[in-house]
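As given in TrEMBL:
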DOMAIN    87-513  domain 'Major facilitator superfamily (MFS) profile'
TRANSMEM  20-42  transmembrane segment
TRANSMEM  142-159  transmembrane segment
TRANSMEM  171-188  transmembrane segment
TRANSMEM  194-216  transmembrane segment
TRANSMEM  228-252  transmembrane segment
TRANSMEM  258-276  transmembrane segment
TRANSMEM  341-359  transmembrane segment
TRANSMEM  371-393  transmembrane segment
TRANSMEM  400-419  transmembrane segment
TRANSMEM  488-508  transmembrane segment
Amino acid sequence: MRDYAETIGFLGQWGRFQQIVFFSLVATIMPNGFGAFTLVFLTDTPSHHCLVSGINLTEDWRKSVIPIKEVDGKQELSRCSRYRLDVVRNLSAQGYIPGRDVNLTDLEEEGCVDGWSYSKDIYESTIVSEFDLVCSNQWKQPFTSTVFFVGGLLGSFLSGQLSDRYGRKPVLFAALALQTVFTFAQVFSGSWIMFLIILFINGLGQMSNFVAALVLGSEVLTGKVRVLYSSLGTCLGFAIGYMILPLLAYFLRDWKSLSLALSLPCVAYVPFWWLMPESPRWLLSRGRVEEAEAIIRTAAKWNKVQAPRIIFEDCGTEKMQTHSKEHYNVFDLLRQSSMRATTLILCFVLFTMIVGYYSLSFNTAQLHENPYISCFISAVVEIPAYISSWMALLYLPRRLSVILTLVFGAVPLYLIQLVPDDLSNLALALEMLGKYSITTGSSLMFAYTAELYPTVLRNTATGISNTVSRIGSCIAPLLLSLGMYYKYLPYIILGSLAVVAAFAALFLPESFKKPLPETIEQMQRRERVKCPCLTRNMTPVPVVPMDSSL
């Protein structure tokens with residue numbers, strides 16, 4: 001049976017057909033860069049204090065009606081309380097001077113019963129100022145981000161199974177439609193609950209888009225172009241969207257205007273439906289040989305090459321047709337021991353990568369007082385990481401690359417706690433080095449995962465592993481909050497997870513310079529490192545006794 005990539009080798013690897021598929025798919029991934037990081041601006045909390053309006057007060061009392069509190073060693077206006085207005089009004093009417101005739105600390109305080117006044121120095125509005133997610137409702141602000149990530153988690157789970165059953169292309173464009181419609185619908189949210197529901201569906205579409213695009217490109221493209229797309233292409237598409245986000249947010253300081261602007265580019269992807277092919281690999285796995293051949297013949301015309309009369313004559317289509325009647329699901333990933341071990345290890349490694357990526361990304365986003373600059377710096381750091389990932393995929397074994405990125409990510413996170421407080425730049429450099437390494441590893445894992453599984457289970461496996469990894473994005477804000485108890489605890493936890501994941505990655509199969517498996521049997525034949533506890537009972541090699549005359 002000839003390999004699929006060998007069968008379509010007459011197309012070449014970088015003709016007009018592959019170029020259109022490559023750049024079209026990269027373009028569809030760019031909106032994912034807006035994704036979770038849009039929440040940096042939508043859910044940011046502007047400076048605020050209790051609203052005081054509609055009453056007659058002297059200038060001195062108007063300046064003094066908000067108590068002064070100490071926060072992180074700094075004096076600032078109280079965000080959630082004010083002095084009782086009826087008392088202040090009487091004192092002002094009687095001509096008393098605050099701080100001279102009246103000791104302010106003796107005055108009774110009350111909550112912000114009339115609402116809040118929000119600073120507009122940075123934002124015109126966010127959902128925090130729109131729906132008053134402050135003080136007693138402050139828990140709603142991080143919960144909003146969690147809901148988005150839960151939507152992404154569910155999207156990873158559903159998209160894999162749906163595209164393995166109905167095709168890569170329909171799921172990709174359905175996800176793009178969800179992103180467009182529900183990003184636009186956010187503008188019309190009349191309440192926080194309504195915004196939450198819309199945001200959840202938006203998160204579902206965001207991750208479904210990424211998974212479907214990743215797998216579609218991995219199956220349509222071949223050779224070094226497939227490696228380029230799976231690593232540098234997809235991730236640079238994400239990074240470009242990530243870098244565009246703070247530029248848009250800088251000019252659109254109102255959260256509704258920003259949401260509207262982020263929804264419009266997705267409309268431009270409608271013509272892509274006629275440019276983007278379905279995955280021929282998936283069609284073959286479903287026994288739809290004629291449709292697969294039609295796509296390859298169209299590709300041959302675009303690339304100006306001659307296609308053979310029968311393309312898939314000896315590509316094992318008979319075997320694929322016998323499997324086309326079978327429906328595979330997530331339980332097939334756990335049914336056999338070798339596939340179960342691979343799936344569990346991949347899920348753990350990906351979880352470690354994602355919790356590290358989001359924890360360090362959201363933490364480094366606070367490195368500068370200006371959130372727009374912080375977000376842009378955090379995005380730019382990823383560019384060299386993705387280039388490193390691409391180079392590693394070209395020249396290094398997959399398993400070794402994953403282990404190295406985990407180890408090099410763990411070491412600087414452990415070293416941060418040894419840096420003196422007066423060397424803040426060194427601590428910053430170590431944290432950025434940790435993010436660079438973890439980001440490199442995350443990019444590697446997307447390509448590695450797609451390479452390990454057969455066509456009939458590839459999207460399901462990619463979706464499930466991404467689903468588990470998205471749990472890491474959900475708990476990243478909680479992990480960072482542990483720094484309140486011990487400053488370096490998040491770093492220690494992230495470093496320890498990376499070390500354990502590096503050891504677990506030793507037992508993954510290798511896929512470097514090997515064709516994508518088409519069947520489960522081909523996947524099971526992949527070489528892997530054996531655990532000593534499982535191989536110690538193997539029959540020893542017989543030893544030939546030495547000749548006594550020698």
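Backbone N, Cα and C atoms are what each Cβ position is placed from, and that goes for glycine too.
Only sequence-distant pairs (6 or more apart) were considered; of these, at least three Cβ pairs between the transmembrane segment (20-42) and the transmembrane segment (371-393) are under 8 A, so the stretches are in contact. Sequence-distant contacts of the transmembrane segment (488-508) (same chain, at least 6 residues past either end, Cβ-Cβ under 8 Å): 341-342, 345-346, 348-349, 352-353, 355-356, 359-360, 363, 398-399, 402-403, 406-407, 409-411, 413-414, 416-417, 434, 438, 448, 452, 479-480, 482, 528-531.
Proximity of the transmembrane segment (194-216) to the transmembrane segment (400-419) is not established, fewer than 3 Cβ-Cβ distances being under 8 Å for residue pairs spaced 6 or more apart. Only sequence-distant pairs (6 or more apart) were considered; of these, fewer than three Cβ pairs between the transmembrane segment (371-393) and the transmembrane segment (142-159) are under 8 A, so the stretches are not in contact.
Among the recorded stretches 142-159, 228-252, 258-276, the one sharing the largest number of Cβ pairs closer than 8 Å with the transmembrane segment (171-188) is 258-276.
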